[in-house]
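Colleague: Structure incoming, see below.
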Amino acid sequence: MKKNLTQYLVEQQRTKGTVTADVRLLLETVARACKAIGHAVSKGALGGVLGSLESENVQGEVQKKLDVLSNEILLEANEWGGNLAAMASEEMDTLHRIPEYYPKGDNLLLFDPLDGSSNIDVNVSIGTIFSVLQVPEEARQRDIQEIDFLQAGYKQVAAGYAVYGPQTMLILTVGDGVASFTLDKEMGSWVLTSERLCIPEDTAEFAINMSNMRHWEPPVKRYIDDCLQGVEGPLGKNYNMRWIASMVADVHRILTRGGVFMYPRDKRASVREGKLRLMYEANPMSMLVEQAGGMSIDGVQRILDIQPTGLHQRVGVILGSKNEVARVLKYHTADTN
Ligand code: AHG
Ligand code: MN
Ligand code: MN
């Protein structure tokens, strides 16, 4: 019989020591919440879950019904689990402490409850992204503050996402490679379908929103120009382009068959620091990509080394196949020298 999520995590805990009992139980709770979100997503119009609300989130984005519902599912599932001290999310202005009357643990959970909002109503793959950090030593005897979340991505103890697509899948790292699980909907269990995802070092496929070309910085423009020139250009091969506009789905393709994903910062005022959020989009995805042998940068530096300054901080993201991302890095550093 194939292994399931619980067996995989127990084995990681027992033989590799990459996961503690606390984190193992926390991940099982997150996975259970993702199952519930996937269920709501799949109901679509029948469940009355499509469409927008009147409200906006802290970043001024209109909230979809599923953004809010998914946030509630994750909060509710994780509040009483006993493995967390606090949570933070794209859909909440500030942190959410575990209420007094519930048991607490020494972990912090961050999430983008529903990634790819623009794809919800058109039945295209969307997902949930999550990141697990430990409560810093100095904060263990007091109330958690926002600053306790502001840890560089290399300190994550686990990261992953669920993708709600033709299959519902969970992709996870606890710091020892990347495993993927497929939801067996009849049995209700996450079945291990790949123990070690590996991103090929080379690729001939890129993902970027080309409609922003006129706003890009020169190194990004140079790289995409090179790709577009195909066999006649400096890269000597023809490139294919894909852009799903759900980071989860684009990164999932890259973890499966390689490629480069780019949402660079650009000259628009709203994207000067980037569009994607460091703490619950870029950091967890960067940990997964690195654990699968890929590379992830903001243009000039490794994303996992960035010291965060805010819960909702944005960052440029260029990730995927190692040799291509290294080339983009080279273009950026050549540009600043
Ligand atoms: P979210 O739905 O959580 O706000 O994230 C959407 C993000 C990301 O998933 C995707 O890569 C990007 O926004 C798409 O942006 P464009 O619509 O600008 O292409
Ligand atoms: Mn998102
Ligand atoms: Mn979102």
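The backbone N, Cα and C atoms fix where each Cβ goes, glycine too.
The following feature annotations were taken from TrEMBL:
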DOMAIN    5-195  domain 'Fructose-1-6-bisphosphatase class I N-terminal'
BINDING   Glu90, Asp112, Leu114  Mg(2+) 1 binding site
BINDING   Asp112, Asp115, Glu281  Mg(2+) 2 binding site
BINDING   Asp115, Gly116, Ser117, Ser118, Asn209, Lys275  substrate binding site
DOMAIN    199-332  domain 'Fructose-1-6-bisphosphatase class 1 C-terminal'
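Show me how these features fit into the shown structure, please.
Modeller: DSSP gives Leu114 (Mg(2+) 1 binding site) a strand state.
In this structure, Glu281 (Mg(2+) 2 binding site) is part of a helix by DSSP. Within 10 Å of the Cβ of Glu281 (Mg(2+) 2 binding site) there are 27 other Cβ atoms, across all protein chains.
Under DSSP, Lys275 (substrate binding site) is assigned to coil, being neither helix nor strand in the three-state scheme. The local packing around Lys275 (substrate binding site), expressed as other Cβ atoms within 10 Å of its Cβ over all shown chains, amounts to 20.
Summed and averaged per residue, pLDDT over the domain 'Fructose-1-6-bisphosphatase class 1 C-terminal' (199-332) gives 98.
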Colleague: Using C-alpha positions only, work out which of the binding-site residues Asn209, Lys275, Glu281 is nearest to Leu114 (Mg(2+) 1 binding site).
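Modeller: So, spelling it out, the nearest of the binding-site residues is Glu281.
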Colleague: Determine which residues of the same chain, besides Asp115, Gly116, Ser117, Ser118, Asn209, Lys275, have their CB within 8 A of the center of the CB atoms at the recorded substrate site, and list them by sequence.
Modeller: Asn119, Ala245, Ser246, Met247
Colleague: So how far apart do the substrate binders Asp115, Gly116, Ser117, Ser118, Asn209, Lys275 get, largest Cα to Cα in Å?
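Modeller: The two farthest binding residues have Cα atoms 16 Å apart.
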Colleague: Write down the Cα-Cα distance for Glu281 (Mg(2+) 2 binding site) and Ser118 (substrate binding site), rounded and given in Å.
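Modeller: So the alpha carbons of Ser118 (substrate binding site) and Glu281 (Mg(2+) 2 binding site) sit roughly 16 Å from each other.
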